[in-house]
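Taken from TrEMBL as is:
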type: TRANSMEM; residues: 12-31; note: transmembrane segment
type: TRANSMEM; residues: 43-64; note: transmembrane segment
type: TRANSMEM; residues: 70-91; note: transmembrane segment
type: TRANSMEM; residues: 98-119; note: transmembrane segment
type: TRANSMEM; residues: 139-159; note: transmembrane segment
type: TRANSMEM; residues: 171-191; note: transmembrane segment
type: TRANSMEM; residues: 203-224; note: transmembrane segment
type: TRANSMEM; residues: 245-264; note: transmembrane segment
type: TRANSMEM; residues: 270-289; note: transmembrane segment
Amino acid sequence: MFDFYIAHEYWFAAVQLALAMLGMGATLALSDFTRVATDPRGFSIGIALQLLLVPLIAWALISVSDASPGLAVGLAICAAIPGGSVSNIFTFFARGHIALSIALTSIATLACLVTTPLILDLLIAHHLPEGFTMPAGRIAMEIGLCLLLPLVLGMLYLRLFPKSAPVLSRWCIRGSLFVIGLIVVGALGAGRLDLESFGGDNIIWVVAFIVILSAVSFVLPRVLGANRADVAAINIEVTVRNTNLGLLIKASLFPAAVGVSDPIGDNTLFAILLYGALMLLVSSLMIPAHRRGNPASPA
């Protein structure tokens, strides 16, 4: 059974991402992309943090920690991917600026067609095995097919069938979570998630990464004059990343093979899944903290 997972890991990753983005698209309208014009300060701060500061923080941690290849690639992937669709839901619960959250998610997702391969190449090219070439073109193509295409199809479905779009969105997200569960079970059963191999030091660095992201994305927008609702949206958007896309990139860079050991790929997978778990934990603390400071959630 676990050999089947290893042989088809890439398709597990592709399906969970496509389902997640189809579900996200079924909640988005074109007007969500244009709302940034009404709030340029919050959007400018948020997108700068996403595309510039997060990769710089990852680079600093990779350099300071003298990271192993698996940790370096895992942190780089987490830094290169945009915010996840669940960040919009968390922003709603935190009484943050929902339109800003949706705009940041949407624009960063569109931009990642270019930014993700570029950031990965800059951060980890020298951490990869000798002779390994960063498949920037393939990553961009996969982002287009598995992320942007389902997103557009979901938006089209919302436009054509607005009444049933929420149902489609719910079931797509549930399906994506189910497939992620299969990935975790499959990776555990196949021995791909080895805590001893990953190491306690690497866990500390992943924890440090998310703690720094959550702290900086809270403090810096406040210093730059963002209001409380915007701070909540930016804080959650920067912390809650699209690990669905991260899993696909890992499967593309390091495809699993039955009977073949791949420490770099396995530790990369561990780092991405660990970050995904930690971001949910950190978000559970962020939401009540922001709710206390925000009396209502702006549309």
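Using the three backbone atoms N, Cα and C, a Cβ is placed for every residue, glycine included.
Unlike curated records, TrEMBL annotations are generated automatically.
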To the transmembrane segment (12-31), which of 70-91, 139-159, 171-191, 203-224, 245-264 is linked by the most Cβ pairs under 8 Å? 139-159
Given the transmembrane segment (171-191), its same-chain partners at Cβ distance under 8 Å and 6+ residues beyond its ends are 1-3, 5-6, 9, 12-13, 15-17, 19-20, 22-24, 26, 85, 154, 244, 247, 256, 266, 269, 273
Ranking 43-64, 70-91, 98-119, 139-159, 245-264 by the number of C-beta pairs under 8 Å to the transmembrane segment (203-224), which range is first? 43-64
Leading stretch by Cβ pairs under 8 Å, where the reference is the transmembrane segment (139-159) and the options are 43-64, 70-91, 245-264: 245-264
Do any residues, 6 or more residues outside the transmembrane segment (245-264), come within under 8 Å Cβ-to-Cβ of it, and if so which ones? 3, 6-7, 9-10, 12-14, 16-17, 69-70, 73-74, 77-78, 80-82, 112, 116, 120, 128-129, 135, 138-139, 142-143, 146-147, 180, 183, 190, 192, 197, 272, 275-276
